[in-house]
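Feature annotations, courtesy of TrEMBL:
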{"type": "TRANSMEM", "residues": "15-33", "note": "transmembrane segment"}
{"type": "TRANSMEM", "residues": "71-92", "note": "transmembrane segment"}
{"type": "TRANSMEM", "residues": "104-130", "note": "transmembrane segment"}
{"type": "TRANSMEM", "residues": "142-162", "note": "transmembrane segment"}
{"type": "TRANSMEM", "residues": "292-313", "note": "transmembrane segment"}
{"type": "TRANSMEM", "residues": "333-359", "note": "transmembrane segment"}
{"type": "TRANSMEM", "residues": "371-398", "note": "transmembrane segment"}
{"type": "TRANSMEM", "residues": "410-431", "note": "transmembrane segment"}
{"type": "TRANSMEM", "residues": "443-466", "note": "transmembrane segment"}
Amino acid sequence: MLSAGQLIWTSCRPLLRLVICTGFGFVVTKADLFPAVAAQGASQVLLNVTYPSLMFSKIVPAFSVSNIHSIAPILLVAVIYIFIGLFIGWAVKQLFWVPHRFRWGIIVAGGWANTGDIPTAVVVSIMSAAPFNGTEDENLSVAYISGFLLVGLMSFFILGGIRLVTQDFVGPDVEDEDVRAELKQRRREAWGVLRLSDKKSARPKEDDVAGDIEKGVAGAKHVSFMHDTTTRPLPTTHHSHVASTTAIDGEDTIAALSRPASPHPRNPTFSSPQNRFIAFLRAFLRNLMQPISASILVSFIIALAPPLKALFVADPGAEKWHIHPAPDGLPPLSFLLDTGAFIGGAAVPMGLICLGSALARLRVPSRLRDLPVGAIVGLSIGRLVVFPVLGVLITRGFVKVGVIDSGDKVLQFVCMFFSCLPTATTQVFVTQVASGTGSAEHLAPFLLPQYALMLVSMTALTAYSLQALF
């Protein structure tokens, strides 16, 4: 059992490192020492070089046939968390007014969290010291994080997340006053339906009253001040561009969003289910070929094939596969793991600096009274207060029913920790390009409070998790 002082310090120490490193990115950007072009280049190096190297160097030694059963719970929890986040975003949209150009973005902001630099920085720091087992648990935690990262990349760039962002900019704009009026009208209609339903249950035999209720309910089904074209789907040509984007928020992905839809009608045969499936399959395979996705998959293949793993990691059974060590007595390809660890060491600090830079470039509207304060507070509380409680309950429940191994403290901690992450900054880059103006003005007020609240929420969750596990 950890003492109160140990518990507080263990919970705060990794966050201090996170804040300092992110702060450097924020400061150098504000000082014009880290321009947008440099940040873009750093992001490309991060996503195509350092993170793939980090995943490779951690997954290969961490996984084996004996613990591969941990992959299924990771993927299950990752998918559940995305659906919970989507529901939180949808609920906030129903309860509070949200700008028209952020009507789908609020759902994306709830569904997809920052599953890269923040969890890697904090979790690895916690695993490196007591009560965990140092390097062994470090490697295992990064391997578990890679499962969440892979699900996040696939679901956002292939299964529809990025398309929701682009939907915000389809059709004409709607004034904030009209959006507020629509929300009030929906509330009045919903309250009217409830009251009429109560009357109907009290006097079920009066046909005239029942007829009035039928009309009231029918009238409440569609109340909108928005033009119908604002909710129509994207043109199919634009849709196909988005479907073919890469899994990384690099130039190829974002550039695809800015391509205008063709004004000419498309060949009807192109929209057949077979062709749509082929386009989806191509995009999916292209996503798998991206460096970070390919690195994760190749690393798992090597880790689960003992003859291949013996080429990288010392294994007593290597002799039966006739694998001879290098002159230094180590496995012949162990230098690749060392190289991956060396390059991957830059991933976390570089990622946090890029995060600080992205936050520094966000612009909050000058008229704060016009901001959707209710939705901002609702999303922040939903993601960083309600979500962690649900994450703890889900993790403990899965341990109780045997889905998660009760002896795997690292997996339990990672699953709990991933329920306390703010919205992904990837949405900033996608929104800036999808808007056509380079602006993410509606997203910024939702993002900044989350990253501030994260410091308190994450400390509390980390302290509780350590106390519950040890």
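Keep in mind that glycine also has a Cβ here, set from the backbone N, Cα and C atoms.
Among the listed stretches 15-33, 142-162, 292-313, 371-398, 443-466, the one sharing the most Cβ pairs under 8 Å with the transmembrane segment (333-359) is 15-33. Long-range Cβ contacts of the transmembrane segment (292-313) within its own chain (Cβ-Cβ under 8 Å, at least 6 residues beyond either end) map to 47-48, 51-53, 55-56, 59-65, 68, 71, 146, 149-150, 153-154, 247-248, 321, 323, 331-334, 336-337. Sequence-distant contacts of the transmembrane segment (15-33), counting only residues of its own chain at least 6 positions beyond either end whose CB sits under 8 Å from a CB of the stretch, comprise 39, 118, 121-122, 125, 348-349, 352-357, 359-361, 455, 458-459. Below 8 angstroms of C-beta separation, residues 98, 106-113, 144, 147-148, 151-152, 155, 300, 375, 378-379, 382-383, 386-387, 390-391, 394-395, 398, 403-404, 411, 414-415, 418-419 of the same chain, each at least six residues beyond the ends of the transmembrane segment (71-92), sit close to that stretch. Within its own chain, the transmembrane segment (142-162) has Cβ neighbours under 8 Å at 54-55, 58-59, 62-63, 70-71, 74-75, 77-79, 82, 108, 111-113, 115-116, 119-120, 123-124, 242-243, 245-248, 253, 257, 280, 283-284, 287, 292-293, 296, 299, 410-411, 414, 418, 424, 426, 430, counting only residues six or more beyond its boundaries. Sequence-distant contacts of the transmembrane segment (410-431) (same chain, at least 6 residues past either end, Cβ-Cβ under 8 Å): 70, 73-74, 77-78, 81, 105, 108-110, 112-116, 118-119, 122-123, 126-127, 132, 137, 140-141, 144-145, 148, 152, 156, 162, 165, 168, 249, 253-254, 257, 355, 358-359, 362, 379, 383-384, 387-388, 390-392, 394-395, 398-399, 404, 440, 442-444, 446-447, 450-451, 453-454, 457-458, 461-462, 465-466, 469.
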